[in-house]
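Participant: Got a structure for you, written out below as structure tokens; questions coming shortly.
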């Protein structure tokens, strides 16, 4: 069932340049009220205008709800949202902020928690580390980045979590040895990873190699994982009695929008769940991060902003 988000008019109260490519944005509600409560790992949808909206991990303190904070890495080859945030979203800018949702929560139990971050993937771990510290849990952050000038938030983290933070700098030849890290953990350790897809894949593969159960491996990635060389296919819209060809370089959502059919989709990254659509016939190749593995295997619904057809035809409840 499609997810729906309550939206709050907000204003940007502070913009900080943390690295050459990363800015931190602080938001307040326009009505002066507190934002909803959230837990570490939660994301929000930032709606910049009618065309642009992106999902970002909340990185602010879970106890201070007067503001929300996110970090945005500028990606000139992306959909345009990060460029808008960097180039046009200044202090005083009015935008829409969604209520938080958490698809990347901390496990409630576990002997130890290993957090692995690459680049901008550090953001969800800030509130999570605070939560783990408050629990008195055993935890470590392993943070890899390209060069010292790209080490967003490292000083803040090492000050708050001394002895729990380990950093790896590509430009200095300091590499994270995943096999050594994963294999040396006690039984019952949870592993979390957020960062570029190659890092996520490597962590998952390493955990599988050392026989970690699926429920002990947690990952989050907002960048799209849709292959660029997909095949064209046909989509039949059962309710509107229309048929459309989805080209290899199109998403189903983009194709449907050419018919002027309105489908709600906030993130366009397979994260928020707002475009979830029932599958009446055919099978989907799932690329979203919203549905569970079991839900994907059931082939009952799909996220039309990123997922595609396995075969030549899909019939959707639209």
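Cβ coordinates are placed from backbone N, Cα and C, and glycine is handled just like the others.
Okay, so Swiss-Prot annotates it like this:
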| type | residues | note |
| --- | --- | --- |
| DOMAIN | 5-107 | domain 'FAD-binding FR-type' |
| DOMAIN | 233-318 | domain '2Fe-2S ferredoxin-type' |
| BINDING | 267, 272, 275, 305 | [2Fe-2S] cluster binding site |
Participant: Within the domain '2Fe-2S ferredoxin-type' (233-318), count helix residues (DSSP H, G, I), strand residues (E, B) and coil residues, in that order.
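Facilitator: Summed by class, the stretch gives 12 helix, 27 strand, 47 coil.
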Participant: What is the Cβ neighbour count of residue 267 ([2Fe-2S] cluster binding site) at a 10 Å cut-off, with all protein chains included?
Facilitator: 29
Participant: Among all the protein chains here, how many other CB atoms are within 10 A of the CB of residue 305 ([2Fe-2S] cluster binding site)?
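Facilitator: Summing over all protein chains shown, residue 305 ([2Fe-2S] cluster binding site) has 27 other Cβ atoms within 10 Å.
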Participant: For each of the binding-site residues (272, 275), count the other CB atoms lying within 10 A of its CB, then report the residue with the highest count.
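Facilitator: It comes out as 272.
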Participant: Please list, in sequence order, every residue of the chain apart from 267, 272, 275, 305 whose Cβ lies within 8 Å of the Cβ centroid of the [2Fe-2S] cluster site.
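Facilitator: Going along the sequence, the neighbours come out as 265, 266, 268, 269, 270, 271, 273, 274, 288, 290, 303, 306.
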